[in-house]
C-alpha cells in the first residue's frame with residue numbers, strides 16, 4: 001500500500017467534515033468539468049503512447065503553476081488495488097479511472113477540496129467538493145482551476161458545440177453539478193419515488209449510492225443536472241441549487257411527520273440501530289451504512305444527544321473496505337473485514353457518552 | 001387497478017411525456033415502478049443508445065441506418081456503428097464528421113445544439129490542424145514500431161511546429 005496515502009486515510013476528507021449550510025441533510029456539493037486536449041484523440045481511440053503523452057503534457061504544464069506546489073500527484077496505474085479502491089471510496093477518483101488500463105493519474109490538493117483526474121473518460125476531469133450545500137463556491141473554485149489550466153493547455157473546443165467530450169451527454173459546458181443528500185425520512189415514508197418522478201420532469205437526475213458489491217444504499221441520493229449544452233454554467237448551477245431547498249423541505253417535513261406520528265417506533269428503530277453497531281461481532285459494509293444512516297437521522301432529530309455527527313460521518317467512510325484495510329495497515333479478505341469493521345465500530349461507538357465520544361484516529 | 005406487469009395493485013401511475021408516440025400512462029406496483037424509474041438513472045452509454053433509438057425510429061429507415069453505421073471518421077477511424085454501441089466518440093473531429101447525425105442527438109439529450117457559456121481564451125487550432133496532429137501522432141508511432149527513427153523524428157518536429165503555432169489559429173473546429 002502506498003505510504004503517501006496513509007496520511008489521507010486517517011483524515012476525514014473535506015466533503016465529510018459534516019459542516020456547511022444544511023449539513024444535517026446535505027452531505028456534500030460537487031462540481032466537475034470534463035475537458036480534452038486539442039490535437040489528441042479521445043481516450044477510446046488513444047494508443048498507449050497517446051495516453052502517456054497526454055499524462056506527461058498535463059503534468060509538465062501543471063507543475064509550472066504556483067497553486068500546484070502542494071498537490072499530491074499519483075500515477076493510478078502504479079497503485080495497488082486497495083489504494084485505488086481507497087481513492088474511489090474517498091470520491092477522489094472514479095471507479096472508471098480505478099479500473100481502466102494504461103497511463104492515468106490523479107492530482108489531489110492537500111485539503112481534498114479538489115482533484116484532477118487525467119485520462120479518465122475524458123483527458124481531464126476537474127472536480128471540487130465541499131461539505132454541506134455550497135454549490136456556488138464549488139463552481140467558482142472549479143472555474144478558477146479551469147482558468148489556470150486553460151492558460152497552459154489548449155482544449156478541444158467547437159464554436160457551436162462548446163467543450164468537446166468523449167460522450168455527447170457531457171458536451172457544451174462539460175459541467176456536472178451534484179449534491180449528495182441524506183434522505184432517510186423520505187425513504188421510511190415511501191415518498192422517495194414521487195420525488196424521483198417530479199425531478200425527472202425538470203432535467204435533474206437522481207442516483208442512489210452504491211456500497212460494496214452492488215446493493216442499493218437506500219438513504220443517500222445524488223442529485224445532478226442532466227443537461228450540459230445550451231445553458232450557461234451559472235444557469236446549470238442555479239438549476240440544481242433551486243431544487244435542493246425543495247428536497248430539504250420535503251425531508252424535514254417527513255422527519256417531523258415521523259416524530260409526530262410514531263416517535264416511539266422511530267426512537268426504537270434508532271436505538272436498535274445503534275445497539276447493533278455497538279455490539280455486533282461481524283458486520284458488512286451495507287449493514288453498517290444502513291444502521292449508521294438511522295443513527296445519523298437519530299442525532300439530527302435529537303433522539304441521540306451524546307454522539308457527535310462528525311463521528312458518524314467519519315465512520316461512514318472509515319468502515320468502507322479499503323479504508324478499513326488502510327487503517328489496519330494490511331490487506332484483509334471479506335470475512336476478516338467484517339470482523340475488523342465490527343471491532344472498529346465498537347471501539348468508536350460503545351465508549352461514546354456525553355462529552356466522551358471516542359476520538360477517531 | 002392491477003400493475004401492468006404483475007398481479008399486485010398498481011400504486012404508481014406514471015405519465016411519460018417524452019415518448020415519440022405521445023403521452024403514455026403506466027400503472028405499476030411499487031417494485032415495477034422502482035425498476036422503471038431506475039432505468040432512467042442510466043449510464044451515459046445507454047442514454048446515448050436510447051436517444052439514438054428514438055431518433056432513428058422518428059426518421060430513418062433500416063437502409064439509411066446501415067449506411068450511416070458504415071460512415072467512418074478519417075482521423076480516428078471510428079465508425080458511427082462503433083459510436084452507437086459504445087456511446088463514446090473517438091476524437092474531437094467526430095463532431096465535424098458526424099455533425100449532421102449528432103445534432104439531432106444533442107437536441108434529444110440537451111434540448112439544444114448551441115453551446116452557451118464559458119469559452120476558452122486560448123483558441124483551439126482549426127479542425128484540419130487538429131486532425132493533422134492526431135494523424136501525425138499515429139504515423140510517428142508506426143515509424144517507431146518499424147524502427148524508422150529518422151522518419152519518426154521528422155514527424156516529431158512537424159508535431160512540435162504545429163503545436164507551437166496553435167494559439168494564433170482559428171477557433172472554428
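Including glycine, each Cβ sits where the backbone N, Cα and C put it.
Remember, TrEMBL labels are computer predictions, not curated facts.
What TrEMBL annotates here:
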DOMAIN    A:25-254  domain 'Phosphagen kinase C-terminal'
BINDING   A:28-32, A:125, A:176-180, A:207-212  ATP binding site
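A sphere of 10 angstroms centred on the C-beta of residue A:31 (ATP binding site) encloses 30 other C-beta atoms. Between the binding-site residues A:28, A:176, A:179, A:208, the minimum number of other C-beta atoms within 10 Å of a residue's C-beta occurs at A:208. Per-residue pLDDT, averaged along the domain 'Phosphagen kinase C-terminal' (A:25-254), amounts to 90 for this model.
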